[in-house]
Amino acid sequence: MKFPLLLALLVGGASALHLSSETSDSKSPLMDENLPRDAEISGPEGEECPPGEELMPLEGEKEEGSGSEGVPGDEGAVSGQDVTDVDLQCPKEEDTTSLMGDSGCKTCRYLLVRRAECFDKAQSVCRRCYRGTLASIHSFSVNFGIQSAVRGINQGQVWIGGRIKGWGRCKRFRWVDGSSWNFAYWAAGQPCPGGGRCVTLCTQGGHWRLSHCVKRRPFICSY
């Protein structure tokens, strides 16, 4: 009685051992070579600039960018959005001076507004009160004409319509009216990292400087 039972147990054990060996030799679905590896399914490392949008770092600036980008108020100014100020009041006539257009643009009109505003507010005043924008400058003659008209005011700098757009390696200088950035008249050492993201024109000499967009300054509209 005991011998047949023992024989049955031995045969059953050998069958189970053979089945286990076959299972271990087969491939696990979790290790299938056709499944993507971690490197293949990971997301992109970072956003790349569109073709032609790269800008070399500003003078003395490291690739990772300057600390000025985190200055409160500057980010909003470079977005190009107008100030949502329902109580915006247009400047009084005595606070403005009309400037002549240059010989290459008889229809161009410029306006000096002596009332000091931040960059965003200045752009909003130009748009809402004069149906224009902060001035874009594309030639030395225009730059010289504007500087000659503003050098008598008791302010060292005035806003024009230039700004830095984008971040990191994708930073570029742009005009708020969307025109081409084909002329610049920077002061020595400019554009300077940490100096801000909006562009001013110096009333003495006419050179340009970067400034923090939240500063209040007189400004030049073109319309």
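Glycine too: its Cβ is placed from the backbone N, Cα and C atoms.
DSSP gives Cys126 (disulfide bond) a helix state. Residues or ranges marked as disulfide bond by Swiss-Prot: Cys126-Cys221 (among others).
Just so you know, the Cβ of Cys213 (disulfide bond) picks up 24 other Cβ atoms within 10 Å once every protein chain is counted. Residues or ranges marked as disulfide bond in Swiss-Prot (evidence: sequence analysis): Cys198-Cys213 (among others).
The domain 'C-type lectin' feature in Swiss-Prot is assigned to 124-223; the stated evidence is sequence analysis.
What Swiss-Prot lists as O-linked glycosylation site is Thr23 (among others).
Look at Swiss-Prot and you will find Ser24 (among others) tagged as O-linked glycosylation site, backed by similarity to another entry.
What Swiss-Prot records for Ser66 (among others) is O-linked glycosylation site, and it gives similarity to another entry as the kind of evidence.
Sequence annotations record features per position, and here Swiss-Prot assigns region 'Disordered' to 20-81.
Taken from Swiss-Prot, the feature signal peptide applies to 1-16, supported by sequence analysis.
Rounded to a whole number, the C-alpha distance linking Cys126 (disulfide bond) with Cys198 (disulfide bond) is 16 angstrom.
If you measure from the Cα atom of Cys213 (disulfide bond) to that of Cys221 (disulfide bond), you get 16 Å. Here the Cβ of Cys221 (disulfide bond) has 27 other Cβ atoms within 10 Å, regardless of which shown protein chain they belong to. Distance noted between the C-alpha atoms of Cys198 (disulfide bond) and Cys221 (disulfide bond) is 15 Å.
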